[in-house]
Amino acid sequence: PQFTELSNEPLPGSCVSVRCQGYERSLAECVIYDPTEITATAATATAEDNCEFKCVNKKCVSVEQTCDGVDDCGDRSDEMCCKKCRNDAFHCRTGVCVHKEAVRDGIVDCLDGKDESPVHTADRSETRANRQHLESKLYCGIPNSTTVDDEEEEERVPGGRVKRVVGGVPAKPTQIQWQVGIEEYGKLDCGGAYIGGCWVLTAAHCVRPKPSAFQVKFSLWKKRRPQDTTDVVPVHDIHIHPKYNAATYENDIALVELEKLPFKQECLVENPAVSAVCIPWSPQLFQTNHTCSISGWGRTTAGGSSARVLLWANVSLISNCQRFYKDRFKPGMMCAGDLKGDVDSCQGDSGGPLVCEDDQGISYLWGIVSWGERCGQPGFPGVYTQVNFITRDVPCHLRPRFCPYCL
């Protein structure tokens, strides 16, 4: 295209923030925030002792620049997992702060779409107290510790490609608050991870495009018996990754959309025993050898019986997994476990979460249990779908659901 100079006047010395989704044909179709409300402070790397908030990309910003709806880091890490937002920014249920100019702009920014819902959008005359009352108190990555009953008795459990927690220990009844069980016609063979709103992530091989056959159980501890905090939610729709390959397990991930409550926009009643896990925004968030955790009701030995209560175990992220599985290891897959075979996932754990915690104590869904060989045997670590990888090649109409925080 040919450009012409519109004016001989000098350009203004202020900065503006422009948000585009990738399909725009001009800047006029992007969201341009008010330049008077955005400070032109550059985020620069500083000495470790002087860094108030370190971004994932290693930049440093001041604490005042966090949770205000403005991407000062450049990777949005300063707007993630916020308990509340500054400067009238919109607070999503999953802890993301969205700039106020992005509210009700026709583009879904929050995972549950609340930034586009008039029911949960405060008008200018509404007081801050009323606005905070409307917003959910839940945020991602930090379970509500007050619901874990240390006095409740724990049950002890006796000691292929589709995957259990080998070498795990029983979780507390409400310890892993993003863990869900996915039942098909009343049979629980897969797990999943609650990521906020009406959404659950699981393995694609765990589901099929028949929502009426499935239901999701929240705050489930004993596999075959609900506890007082257990909620059972029907499934509204199932979105399997468009490039899922059932033969190779490539892109083995699916998004389960829950049914809304009658006459409400929510899918879950408020439950202190249920919390969402954060979605990672950077592939560099966790590195090889980082200790993460897995959980599920799967088999405790290869070919053995499944666990009676939810088990969890620590595993380490493993690099260069091609050495174990050769050409069966595809892009978007990752390995975790113990090379000695002491800890692993197994049959019945499929779809469950591989969760990693950062230095600030925030938990992120780093992987989904997918497949593996010889549960708990040396040299055969578990294979997981890398959650951060799934943002690629997802159709535009599903991208806000699979990657709600991507620009």
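In case you wondered, yes, glycine gets a Cβ from its N, Cα and C as well.
Predicted, not measured: the structure shown is a model, and the values here were computed from it.
Residues annotated as disulfide bond in TrEMBL: C55-C73, C67-C82, C85-C97, C92-C110. Marked as domain 'Peptidase S1' by TrEMBL: 165-407.
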Given the disulfide-bonded residues C55, C73, C110, which lie close to C85 (disulfide bond), meaning Cα to Cα within 10 A?
none
If you measure from the Cα of C73 (disulfide bond), which of the disulfide-bonded residues C67, C82, C92, C97, C110 is the nearest?
C67
Do any of C55, C92, C97, C110 (disulfide-bonded residues) have a CA within 10 A of C67 (disulfide bond), and if so which?
C97
Rounded to an integer, what is the Cα-Cα distance in Å between C97 (disulfide bond) and C82 (disulfide bond)?
7
Where the distance is taken from Cα to Cα, which of the disulfide-bonded residues C55, C92, C110 turns out closest to C82 (disulfide bond)?
C92
What residue among the disulfide-bonded residues C67, C82, C92, C97 has the most other CB atoms lying within 10 A of its CB?
C92
Rounded Cα distance, in Å, between C110 (disulfide bond) and C55 (disulfide bond) is 21
Please report how many Å separate the Cα atom of C92 (disulfide bond) from that of C55 (disulfide bond), as a whole number.
20
Determine, from DSSP, whether C97 (disulfide bond) sits in helix, strand or coil.
strand
Three-class DSSP secondary structure - C82 (disulfide bond):
coil
Packing count at C110 (disulfide bond) (other Cβ atoms within 10 Å of its Cβ):
24
